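Report on one structure; see the data block that follows.
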Amino acid sequence: MEQFLIDNTARYRDLVSAHNLKARTESLNTTLDAAPDNDITIAARIRPLLDDEVESGQVEGVLLRPGSGGTVDLHEMRRPVKPTAPLTLSSSSYAVDRVFGPESTSDDIYARLVRPLVPWAWSGGVSTLFAYGQTGSGKTFTVSALECLIAQTLFSSELEGDRDVFISVIELAGKSAFDLLSSRKPVSILEDSFGSTHFAGASDVRVGSADALLAQIEAAAAFRRTEPTLKNATSSRSHAICKIRLVNRALPQADEGVLYLVDLAGSEAARDKAAHSAERMKEAREINTSLSVLKDCIRGRASVDITAPNNKPGYVPFRQSPLTRVLKHVFDPAAERACKTLVVACINPSFLDVGASKSTLRYGALLKGTPPKPQVVKYDPARPSSWDNAQLRSWVGKSSGTPAVDAAILAPTETGKQLLSLPAPEFITRCLKTPGVSAEQAHAFQSKFWGMHIDSARAVVFKKSSGKSTPTPNGADGDVGADSNDGVKAINGYMDKLSQGLCSADADPERSSQPFKTRLRPGMVVSWSPPEGLRGVPHLPGRNLAILLAPAGDGEYTCGMVAPAVLPGAFEVFVWQQFPAAVDRMIAEVILEYDVGSRYYYETV
Ligand SMILES: Nc1ncnc2c1ncn2[C@@H]1O[C@H](COP(=O)(O)OP(=O)(O)OP(=O)(O)O)[C@@H](O)[C@H]1O
């Protein structure tokens, strides 16, 4: 077919010119210029034909419709069944928010669409830029250029105030994640009790200038896995995710801003994979699997019925791949943090690749649907994560027992959500600073606070799923008691069905017959025997659990703490409380399963 197209280039060009003439005279299906305050903006970038493509006789088959700004026309030549029949053109078009043609520069894209993402993250929002498309379509070219421009803006005088800037860069390949700022050390993708995703065990490097930020990005690029494909001699065979955190030191209660810059691995058409080795085929399969979960999430998000009563949630399967777990905030209809996202669909213009370009644009157009608005977090006296500092302090004063815990010591600046994120020992230590408060009172108060959080999280899930009224959670000032009413039983039944979430078991069940020490991996939970009295190493009465985060050399793993939670049989994972654990001291694997309702982990067999 390729040779047939190249042999008929002149005819193809004539047919495309005739189509363009017709399109120009018809009323154009123009699209609105992307408004800077769109939550999701979909752009397409059509790169120029490369020299070798021109030399091999390829011509452009994917074109920005003249005068439209946001419509792309794609033309495929049909080979007639009867040899004497004339050649015909099959044309299709897709509309996105804005299309950048081959003559546009990365500066144009930055000025029009990327610039608003930076102040958004600077002021505490979540901004995401991701580029997707076929291998060799210009994703790395585009993301790298935009990263340079973003770095310059972050350290320019354009943005008011000071922020501490931290960067992590990870690579996702199959089900594994690697730290590109630390020689590809394995890392884990974990979700905290608020549903936010963390790169556990990844370097988080503070940078003080645009040059330092770019030096980290360049260092990370050197560790990224590349292989030649038919379309690109240095194709990225993994997804690269650069996370820039912006911390406002002057306003500690403010959410930190986050910028995600994502360069996805390119998809390959079946015919381009024909000569691959078994290993390359496996890698291509893994890339295609994660991209297809991404597509399912895009579809799921597009199907969320925001007009339905009770805001019926759509099914967005973001737990099915590490990539979509990281990008969860982009698709999650229940997201509470406002996010701005720019998706750049990268397009190879060659008439030989129209099929792949069509598929890229189809998914871009799908994402363009009206996005569900983030849920506005309104004050709810039964929901601690909705409280500001004044509301939290007032509750602490009324509900912490006698003597009342000094709220100014417990939560000098924190919001309810921030206090919930505080490790339990720190919470207790702060309570004990109030004269007369006993350890028992401090523990009971911490349990009460967490109990309210869990009750409110269950109630929110129940309300969203059933559309029924919420069973009364434990009152703001009431005792935290056992769940006993029918409504709560109904929630529990519902939660059982829903608990298809995360599990620490190895994805490959065959491996479970091997001794556990031969298959240690990040994300595995183990029971272990901590050495007595070593600083920084937790030692709980009874059984001690740890989650493996990354190998630390010398027969040790960097681990995160796993501690019993306030509910019986439940565990919490504190990935930020890290310590080294010797493999020799590990006793057995423990399989924990995540429960979406309580947001705790439970042991399973
Ligand atoms: N807008 C552009 N202008 C000029 N050259 C470009 C442009 N976009 C991409 N290229 C060139 O095209 C080639 C492929 O680009 P790039 O490596 O960015 O593709 P990719 O989509 O990241 O591929 P893969 O998925 O295989 O990693 C490179 O040689 C790059 O320099």
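Our numbering is plain: 1 for the first residue shown, then up by one each step along the chain.
Glycine is treated like the rest: Cβ placed from N, Cα and C.
TrEMBL annotations:
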DOMAIN    39-370  domain 'Kinesin motor'
BINDING   GLY133, GLN134, THR135, GLY136, SER137, GLY138, LYS139, THR140  ATP binding site
Around GLY138 (ATP binding site), how many other CB atoms lie within 10 A of its CB?
25
Per-residue Cβ crowding (10 Å cut-off), top of binding-site residues GLN134, THR135, SER137, THR140:
SER137
Given the model, what does the mean pLDDT over the domain 'Kinesin motor' (39-370) come out as?
83
Could you find out if DSSP has THR140 (ATP binding site) as helix, strand or coil?
helix
Report the same-chain neighbours of GLY133 (ATP binding site): residues 6+ apart in sequence with Cβ closer than 8 Å to its Cβ, ordered by sequence.
LYS139, GLY266, SER267, ALA345, CYS346, ILE347, ASN348, SER357, THR360
